[in-house]
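Q: Have a look at this one.
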Amino acid sequence: MSSPEARLKLLHISKRYPSVVANDDISLSVMPGEIHAILGENGAGKSTLMKIIYGAVKADSGEMLWDGRQVNVSNPAQARRLGIGMVFQHFSLFETLSVVENIALVLDEAFDLAALAVRVKEVSERYGLPLDPHRLVHSLSVGERQRVEIVRCLLQDPKLLILDEPTSVLTPQAVQKLFETLRRLASEGVSILYISHKLHEIQSLCDSATIMRGGKVTGTAIPRDETPASLARMMIGRELPVCVAPPYHGPVHPVLQVERLSLASDDPFGTSLKDISLTVNAGEIVGIAGISGNGQAELLAALSGETTVDREAVWLAGEAVGHLDAGRRRDRGLVFVPEERLGRGAVPALSLARNALLTGHRQGMKRWGLVAFDKAQAFAEQCIARFDVRCGGPGAAARSLSGGNLQKFIVGREIMLAPKLMIVAQPTWGVDVGASAFLRQTLLDLSRSGVAILVISEELEELFEISDRIAVLAAGRLSAPQARELADAESVGLQMAGLFTDTDAEVSHAPA
Amino acid sequence: MHLLEPRAQPSQLMRWTAPLIAIAATLLVGSVLFWALGKSPLDSFHVFFVEPLTTGYGWSELLIKACPLILIAQGLAIGFKARIYNIGAEGQLIVGALFGGGIGIAYGETGAAWVLPAMVVAGAIGGALWGAIPALLKTRFNAEETLTTLMLTYVASHLLSYMMHGPWRDPEGMNFPQSILFDDAALFGLLVEGFRINSSLWIVIFAVLAFWLFNARSFLAYRLEVGGLAPAAARYAGFPAKQTVWFSLVISGLTAGLAGVGEVAGPVGQLNLNISPGYGFAAIIVAYLGRLHPLGIVLAGTLMALIYLGGEAAQLSLQMPAAITGIFQGMLLFFLLGADAFIDNRLRRRAR
């Protein structure tokens, strides 16, 4: 029996870092046209393995076969020449260059920028990933930056495409569209390595799966033959935790009121906010869905006070606070977890204790203008213990923590400030499955203690899991929030794409 | 091809070792320089760095020169931490000297005990006002403070020149551009008879302690540090950015103004065109050499004072040009910045 040659075969790959074994004796093979899932939690070693394939990291031992021949990929340029394309989870884009210039940089051939811009536009539209080739990357949101990465891979006609959690920033419709694209690519013979921890995506898309945990392969499976529960067990070694939303019986009164907030963006590529109204009551979580770049950054800054607006546009516990800066709004019971953890939510070079002081100084950490560093230290220690932050203690620099652990620290710090209103952007971005469930449950419990919570997220599943009401922010407009029981992923997804069903629907295409 | 790429975790140990490396490199290149000029490096260094300290008078002179450098650098370091770059301390020193000196000229002959304290206060106000102008320009019009502070230095020195050639010229000074010699009531008292070191030393010691406490414990210093390290985090936390600008520029102007009074009411004893041998600029080097730390600045200021003294000695004993002081200051800054670049970054061969 002659079986066709595998496109990619890995044999006994191992990679050790000083403190951790990232990959321990990993073997897998991918056939031409196969969509192969790599399933595992953050820290399971998926990204390291993919970087080894892509030549960005060198394995300590093991072999790699490409179309049956042994290859030694020593750098990404060589990987690209073989036909390996990779969309990284963390982007490698130059902020001061435009989209098309960034794409031109990784092409290993001569290029004509104008012609390339046209191609970029074509490809991006064909795959439902709209991009303006001439925008500067620094003005793009996280979601839009990922689009650039995907499009730049597709331009290189890859034979093997590696996608590292590509759907976290896409609408359900766009996910379906991407899946169609990936299936088409597969039918054309392109092999796809699809990294994810989303079980239903893997079940609907992938032909086979390799499951990793703690740097080892813990199983291989045909996803369609498995149940989510059985996949989850292989992935996290236990049952997938489920969030529970207990009913709220406390007093219901509005804590955050946004009234006809309009805001022109300073950034020429930013999104202006148009006539946004919203109420968040004590004891509930309101979720705002939408793809970043649709006014999320502007809305968050206007709510947190980093941008001040008209006095009467934002109300906090019955007081007009639109004109107050972030510090004064925090004095009145607002806390905020931003999307950017390093550099905004925390100062990278400072210790966790000093980062506790950043917003925690209101908790009796200062007296006569002098700081009580022992109190900041105790606060940080308590936060680390209560929210299971894995780190070297309160003296560890914020930048030494992994993204998920720093997020736990920041969320924990803000919760410990005993807020009336909590605003959270992307609560579980980059946080592993177990910790995500913990954070979501923490938010639910906090809301049931009478705190009003506003969550802005690109992850629809997450919003449906924790929100009492869901609204959609698209192109700077906010839809009317719907109770979760009445909302469905389909209609929310349509709204995310900018198709409001109410007043904004553009139905009049005047026939000639 | 080689590239500098940022280090994930710059070493704190090296951060404090860098000044020593810079000093060593300066001495090394300095000895090559002496050797090239046909002088014995060892003898030259003896003249430069040892001889000034062999007498009590030399130590007194060292303190006199170290005091203004340390005082100014303390103020500058506050702003540098917050990334507010006041490089016009020289001008703020001059305006402080003019404010304080003006009181000395007008009221010195009364002999009243309040004259000197009034001069100190006026000098502080003058320097602070000169620092407040760039603060206003930055907060109002977003004007870069590196430019405005530097340009205002030239305005200040022309102001001094005008006052010295015009209104405040000593009528009996044979047309030299200088004021009358101050009366005793307008001068700091000498600490030890026969030496020039005076009671302004207490102001400097008090300032060092105050800045040390401020840096180690105050919430305002923390806010300034956050503003310098991560401006978005400062905005996120709601730390007012304009206040940072005002505070940094006014406090550094104030210390420079105090240093100006220390000069005119101390070793200079009058207003003239040479009240500062570039202390305001040298203090920038002192601040960085001292790692923006109040106690580090004391050590760095003392070293810089020694370079001033050594430069004078080298002119006298070795017939070296006056530029020798500037060369040593420049080398020190150059090697320090070079060492810092390699603490924050590492050299890496670019993969082809």
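Cβ atoms here come from the backbone N, Cα and C positions, even for glycine.
All annotation found in TrEMBL is predicted automatically rather than curated by experts.
Below are the features I grabbed from TrEMBL:
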type	residues	note
TRANSMEM	B:16-37	transmembrane segment
TRANSMEM	B:57-79	transmembrane segment
TRANSMEM	B:91-108	transmembrane segment
TRANSMEM	B:114-137	transmembrane segment
TRANSMEM	B:149-165	transmembrane segment
TRANSMEM	B:185-214	transmembrane segment
TRANSMEM	B:245-265	transmembrane segment
TRANSMEM	B:271-290	transmembrane segment
TRANSMEM	B:297-316	transmembrane segment
TRANSMEM	B:322-343	transmembrane segment
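Help me picture these features in the structure, burial and contacts included.
A: Sequence-distant neighbours of the transmembrane segment (B:57-79) (same chain, 6+ residues past either end, Cβ-Cβ under 8 Å): 51, 85-86, 89, 93, 192, 194-198, 200-201, 203-204, 207-208, 211, 214-215, 221, 224, 247-249, 251-256, 258-259, 262-263, 266-267, 276, 279-280, 282-284, 286-287, 290, 292-294, 297-298, 300-302, 304-306, 308-309.
For the transmembrane segment (B:91-108), same-chain residues at least 6 beyond its ends with a Cβ under 8 Å from one of its own Cβ atoms are 68, 72, 115, 118-120, 122-131, 149, 152-157, 159-160, 163, 168, 179-180, 182-183, 185-186, 252-253, 256-261, 263-265, 270-271, 275-276, 279-280.
Residues of the same chain lying 6 or more positions beyond the ends of the transmembrane segment (B:114-137) and with a Cβ under 8 Å from any Cβ of it are 86, 88, 91-93, 95-104, 107-108, 143, 145, 148-149, 152, 156, 185-188, 203, 245-246, 248-261, 265.
Sequence-distant contacts of the transmembrane segment (B:271-290), counting only residues of its own chain at least 6 positions beyond either end whose CB sits under 8 Å from a CB of the stretch, comprise 19, 22, 68-70, 72-74, 76-77, 80, 87-94, 97-98, 101, 105, 153, 160-161, 163-164, 168, 176-179, 256, 259-260, 263-264, 296-301, 303-304, 308, 329, 332-333, 336-337, 340.
Sequence-remote contacts of a segment are chain residues at least 6 beyond its ends whose Cβ falls under 8 Å from one of its Cβ atoms, and for the transmembrane segment (B:297-316) they are 19, 23, 44, 47-49, 51-53, 58, 61-67, 69-70, 73-74, 77, 208, 277, 282-283, 285-287, 289-290, 322, 324-325, 328-329, 332.
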